[in-house]
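Now, the feature entries from Swiss-Prot:
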type    : residues                                                               : note
BINDING : Asp21, Phe22, Asn23, Arg36, His59, Leu60, Gly61, Lys62, Arg119, Arg156 : substrate binding site
BINDING : Lys206, Glu325, Gly352, Gly353, Asp354, Ser355                         : ATP binding site
Amino acid sequence: MAKKHVSDLDLKGKVVLERADFNVPLKDGKITNDNRIVQALPTIEYILDQGGRLVLFSHLGKVKEESDKEKLTLRPVAERLSEKLGKDVNFIPHTRGEVLEKAIAELKDGEVLLVENTRFEDLDGKKESKNDPELGKYWASLGDVFVNDAFGTAHRSHASNVGIASNLESAAGDLMEKEIKFIGGVVNNPDKPVVAILGGAKVSDKIGVIENLLNVADKVLIGGGMAYTFLKAQGYEIGKSLLEADKVDFAKDLLERAGDKIVLPVDAKVAREFSNEAQFTVVTIDQIPADQEALDIGPKTVELFEKELKGAHTVVWNGPMGVFEFENFAQGTVGVCEAIAEMKDATTIIGGGDSAAAAMMLGFEDDFSHISTGGGASLEYLEGKELPGIQSISDK
């Protein structure tokens, strides 16, 4: 069922509650990457241009004890957002109560305020994270309509997304709608042929994704640390490479079911120690020395993956091909990233997390159709799960 979009709502003079995702990295109280704030701007600017009176909600980090409050306040976000918008953002250092209610009542058309970190409510019985019905109802009572633009928390059922949406007419923001279109599109109605590239360290993190994408994709290319559990299942000796011994039988079963759909590395960069400075060699998969571990896919694998990508209409990539934080072991990830970035006629999607970080680090963010803002949310969406944050948005 299609979900309402913010443009379907009448916003002029209305108090618009919006759940944004301002969960940005901080160091010594300073924001080190404001990408999430930048990506939230189109919806915020649209609401303000339409004459909405905007009340923004977001979480920041995990709030476990009273002392976390000082370092996890949203005040730095309010300051950065104000810079980006070129207008005042009234920061309210409360999540409920008279000060907040008065500030909302005094909002004029086109003005914006930011409520303090929603997870401050977790100090008293996890009210935000457990979607306390009274809290959801209270927050909903502060506004006329609700806009959810926080895909990063769409897989969570919290008071500030599902709780508010259950009590108010609600719609998706631009960012949320883009995620539904691209990530949801891969799962529900992709333009074929579809090639999925999966990497990262653990098979266990991606079991649901692999299972679901095998139903959708024409090919699933597997790299990263997780590939070695599959290679072990094929009978290869993998030396000291990453292995999830309890997942070998699962990998074996999957390989049998998938036939030639799954494509594994044919060579690897191996080293004796886990370090960027480690001496490395490139070996074929059947030649990994017993005392060494694979830290990246090799050049022949990059070539093979490039060949498998040719002709694909939809490509979804989730997870790096090696230890891309080490420059000497980043070539596999760089090679795959470049190959996908050059596919101008295909729909190319990065499913969040480390691959998104890699693409941005390499300067390729503008070369993909879509880079997801969700980590866990993208994975659960790719698994084919219903996400409560999306489900709770009003249908058209």
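Yeah, the Cβs are placed from backbone N, Cα and C, and that goes for glycine too.
Known features from Swiss-Prot, placed on the structure.
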| residue | record | Cβ neighbours (10 Å) |
| --- | --- | --- |
| Asp21 | substrate binding site | 25 |
| Asn23 | substrate binding site | 21 |
| His59 | substrate binding site | 28 |
| Gly61 | substrate binding site | 14 |
| Arg119 | substrate binding site | 25 |
| Lys206 | ATP binding site | 22 |
| Glu325 | ATP binding site | 14 |
| Gly352 | ATP binding site | 25 |
| Gly353 | ATP binding site | 19 |
| Ser355 | ATP binding site | 30 |
Fill in the blank from the handout: The number of other Cβ atoms within 10 Å of the Cβ of Asp354 (ATP binding site), counted over all protein chains shown, is 20
Fill in the blank from the handout: Comparing the Cα of Asp21 (substrate binding site) with the Cα atoms of the binding-site residues Lys206, Glu325, Asp354, the shortest distance belongs to Asp354
Exercise for the section: Could you measure the widest C-alpha to C-alpha distance across Lys206, Glu325, Gly352, Gly353, Asp354, Ser355, the residues recorded as binding ATP, and give it to a whole number of angstrom? Expected result: 21
Handout entry: Distance [Cα-Cα, Å, rounded] between Gly61 (substrate binding site) and Lys206 (ATP binding site)
Key = 24
Exercise for the section: Whole-number Å only: compute the distance from the Cα of Glu325 (ATP binding site) to the Cα of Asn23 (substrate binding site). Expected result: 22
Completion exercise
Per DSSP (helix/strand/coil reduction), Glu325 (ATP binding site) sits in coil
Problem - When distances run from the Cα of Gly353 (ATP binding site) to each of the binding-site residues Asn23, His59, Arg119, the nearest one - result: Asn23
Exercise for the section: Express the distance between the Cα positions of Ser355 (ATP binding site) and Arg119 (substrate binding site) as a whole number of Å. Expected result: 28
Exercise for the section: Determine, from DSSP, whether Gly353 (ATP binding site) sits in helix, strand or coil. Expected result: helix
Handout entry: Whole-number Å value of the largest CA-CA distance among Asp21, Phe22, Asn23, Arg36, His59, Leu60, Gly61, Lys62, Arg119, Arg156, listed as substrate-binding
Key = 18
